[in-house]
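Working notes, beginning with the structure itself.
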Amino acid sequence: MQTFLLSRQFNAGSLTKNSTACAATATICNGTSCVLPEDNFNETLNIILSTVLTIMLALVMFSMGCNVELKKFWGHIKRPWGIFVGFLCQFGIMPLTAFLLSLVFDVLPIQAVVVLIIGCCPGGTASNIIAYWVDGDMDLSISMTTCSTLFAMGMMPLCLFVYTKMWTDSDAIVLPYDSIGISLVALVIPVSFGIYVNHRWPRKAKIILKIGSIVGAVLIVLIAVVGGILYRGSWIITPKLWIIGTIFPAAGYSLGFLLARIAGLSWHRCRTVSLETGMQNTQLCSTIVQLSFTPEQLELMFTFPLIYSIFQLLFALLILGGYRVYRRHRVKTKTDVEKTEEKEDSKSTSSHAKINGGFISNETK
């Protein structure tokens, strides 16, 4: 209303006189001083990209569900040893690691809080995509992501209450339960459709899975690039948070794998638990931070979730590359051994034939 009244004070002559000095979109002109309308381009771009990425992510999770067998998935729910190990990693190891890193590097209280929020967030859906590429247990991966998102409703407040006492009042942190619920729904519904398609049309499910796995890999990189572009103005941050953002995901992957191995899980399930532990829902962390703190505080902490997401992706790609190299070498070595055994078998067969006058029994054919 105030802007409207001010604009009425200038007559048509003054507007014409200053039209050459001001931009065409200016709402108020007084000499060389102009009031321009607020530029909502970045906000609009963020909304559009968020909508597109959400739809793409739902389609990718649908394709991931096409690799889940209902019996095996239900088996993990009935005998949840793997889920329990993942629970200990997600809400035991990660918050404790965040607490220790904050103490060791002696960061500001407000920065320690954002590190702890990252540590308390549930696993992200990106872990399901990477788990597929490293031949992980997809049934376990999907069930762990679902359960960790569900458990986050109670475990996040508890962990934040325990670990943030020395830095801030836990009541000051606003947890977006609606966002957690939306994440849960956005995960469960597409995956359920994917499981149904795999049950009814297994051949079509394999085709959908191949396409979805490729799209998912592209989507992970796209989200990281888009995040870097949208928040390019927030990259000035203390070196301590850069170091923590590098160490934290690496520690999550390593400790998750170690605990899973100590618990007696198979190798492919160890890889799954490792990824589910190290890959956090950084979008949820960003939402919590924006809801809980002032703009002045956000300048000191807002970029950390993006830093963590970049390094968790880089380490995940390193794990994927290392596994692919190992798998190729193992398959090659195994093939060479089989060929050597076949040659030895053929040599023994021919020598046996010579001894027996060229007769070869039916057992060796």
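Any Cβ shown, glycine's included, is placed from N, Cα and C.
The compositional bias 'Basic and acidic residues' annotation in TrEMBL covers 334-347. The feature region 'Disordered' is assigned by TrEMBL to 334-365. What TrEMBL lists as transmembrane segment is 47-68, 80-104, 110-134, 141-163, 175-196, 208-229, 241-260, 305-326.
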Problem set entry | Region pair the transmembrane segment (47-68) / the transmembrane segment (175-196), three or more CB pairs under 8 Å | yes
Seminar exercise, completed: Per the Cβ under 8 Å criterion, with at least 6 residues separating them from its ends, the transmembrane segment (175-196) contacts 54, 57-59, 61-70, 73, 122, 125, 142, 145-146, 149-150, 152-153, 156-157, 160, 205, 208, 281, 284, 287-288, 291
Problem set entry | Chain residues outside the transmembrane segment (241-260) and at least six past its termini with a C-beta under 8 angstroms from it | 82, 85-86, 88-89, 93-94, 97-98, 101-102, 105, 107, 111, 115, 118-119, 269-280, 301, 303-304, 307-308, 310-312, 315-316, 319
